[in-house]
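Trainee: Okay, handing you the structure first.
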Amino acid sequence: MELIKEIETSRNSSVLLKAIFEGDDAPTLLVKKQSQITEYLKENVAYVYLGKKSEFGYKDAYEFARDLAENCARSYQLDLTTFVTEKLCIKGVVDAFTKGINFSAFQYYNLKTFTKRVNENSLSFYLENISQDVLNVFKKALILVDAQNFARNLGVTPPNELNSEQLAEIIRKDFKKYHNLKVKVLERKQIELLGMDLLLSVNKGSVYEPRVVIIEYKGNPSSQEKTVLVGKGITFDSGGYSLKPPKFMLGMKYDMSGSAIVAAVMKAIAQLKPNKNVSAIMCITDNRINGDASLPDSVYTSMSGKTVEVNNTDAEGRLVLADRLYYGATKLNATRLIDTATLTGTMLTALGQTYSGIYATSCKIWHQFEDAAKIAHEKVWRMPLHEDFNKTNKESLVADLNNYSNNEKSDCNTAAMFLKEFTNNVPYIHCDVAGTADKKGMGLGILVSTFVEFGKSQQRNCESCECDEQKCETKNCNIEESTTKIVKAKKSTAKKATTKKTTTRKTASKTKSTKSKARK
């Protein structure tokens, strides 16, 4: 099946697929079963039953679109306006359907010699009148899902086809077409000169050279504000001498998901061209064993000068991230730092495969990130970044820090505190996507859209939207507005409400006093 590339304003020869809800005037013989399609081929039309209209929102539209693209048995042209509900405006329909269909229709890396027959049916969009706002939403959705698929494709590629050197070269070549991006690849000698010994310690067991890829976008050169994204890029994680059991080693090609995500974000940023400064750092190596691989109990000096005792070579992710965070804070002059990594197994235990675990150094930066996730329709959950979790990071008798402790049962929390040690007090977000980066052997490109929105600092504003502001789930359906304005508006509303309550209390008090005097 081909990807969606345009919205058509006239009918084509495909069957027109319309949404129908509970209580709507239904044609005869309509099958009223959730997501069931009933076809009336003489009229060249079909209806999909979607239950209660009041309950059909963005998530339902997205999941329907994904399922339709995966199981499409006929070519359909979707009548987009029929899917609009009080929870979902036309922009939300366009956004959800574009992302859902192109997610499922994407042809990722595959070396199978015998594959099932390619679905030759097609899906297309029909919207008689397209406003510029709707067209902008459509174009943005295409860019975001393309970036998401880019990250997914890198993730699914096997480790013998995508080592550290190959991944860096792919980024270098692929990003040449974006003239507003500056790509710099650091090789071993440059990494050594910078004193990134934590990355080099992980790379000691590899037959491939480490790479640090720096991607910079300057959308506002006059501003000192800069968001720096850091992605873990372990192209395969055997655990090193702290060797993983075989069943836990499968799927470790996805341990580079963090780097794939931040690269995909920069791909989208280059096309969306926000008036912001955003950079990304990919720290790339594999973690394997040879005669010179890092041994448990070894001590290394980080770029920051802090020494680290490596108690567990399978806790390598925090080592490669630490040097990159410090680089982002001190060399790239970040004013906001954010990293993403498939970091800890305890995060999978804590939140499963539903929510990505998020750590934030302040409520302000957390709310900025949470707003971005809401716009992107991705599930995030704030985790505790508390000094109590840092105690076991400082148990070493021979170094400033240790990278792992058997005395701490919530390793996702201690790992976050370990990384915070290298942020140079820059406002910081840490995203542990160990449970959400991939599912059933397939990469999801998780948080790509959230990171893009976070980098753009986009906020919701439904003032001129045709949907019900209180019920609309589209989130990004209108004009961008700064966090400051929204916070001020909320505070102003709260202040007015408080004043109103106070006035009411005073009035009530006077009334009570008058009644009291009357009794007397």
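In case you wondered, yes, glycine gets a Cβ from its N, Cα and C as well.
As the structure is a computational prediction, the values presented were derived from the model and not from experiment.
The Mn(2+) 2 binding site annotation in Swiss-Prot covers LYS232, ASP237, ASP255, GLU316 and is backed by similarity to another entry. According to Swiss-Prot, the Mn(2+) 1 binding site annotation covers ASP237, ASP314, GLU316. What Swiss-Prot records for LYS244, ARG318 is active site, and it gives sequence analysis as the kind of evidence. What Swiss-Prot lists as region 'Disordered' is 488-520.
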Trainee: Counting other Cβ atoms within 10 Å of each Cβ, which of the binding-site residues ASP237, ASP255, ASP314, GLU316 scores lowest?
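Mentor: Candidates: the binding-site residues ASP237, ASP255, ASP314, GLU316. Fewest Cβ atoms within 10 Å: ASP314.
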Trainee: When you put ARG318 (active site) at the centre and draw a 10 Å sphere around its Cα, which of the recorded positions ASP237, LYS244, ASP255 have their Cα inside it?
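Mentor: Checking each Cα against ARG318 (active site), there are no hits.
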Trainee: How many whole Å apart are the CA atoms of ASP237 (Mn(2+) 2 binding site) and LYS244 (active site)?
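Mentor: Taking the Cα atoms only, ASP237 (Mn(2+) 2 binding site) lies 8 Å from LYS244 (active site).
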Trainee: Which of the three DSSP states, helix, strand or coil, fits ASP255 (Mn(2+) 2 binding site)?
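Mentor: In three-state terms, ASP255 (Mn(2+) 2 binding site) counts as helix.
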Trainee: At 10 angstroms around each C-beta, which of the recorded positions LYS232, LYS244, ARG318 has the fewest other C-beta atoms nearby?
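Mentor: Across LYS232, LYS244, ARG318, these recorded positions, the one with fewest Cβ atoms within 10 Å is LYS244.
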Trainee: If you measure from the C-alpha of LYS244 (active site), which of the binding-site residues LYS232, ASP255, GLU316 fall inside 10 Å?
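Mentor: Cα filter at 10 Å returns nothing.
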Trainee: Check the DSSP secondary structure of ASP237 (Mn(2+) 2 binding site), expressed as helix, strand or coil.
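Mentor: For ASP237 (Mn(2+) 2 binding site) - judged by DSSP and reduced to three states - the answer is strand.
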Trainee: Could you state the whole-number distance in Å separating the C-alpha atoms of ASP314 (Mn(2+) 1 binding site) and ASP255 (Mn(2+) 2 binding site)?
Mentor: 12
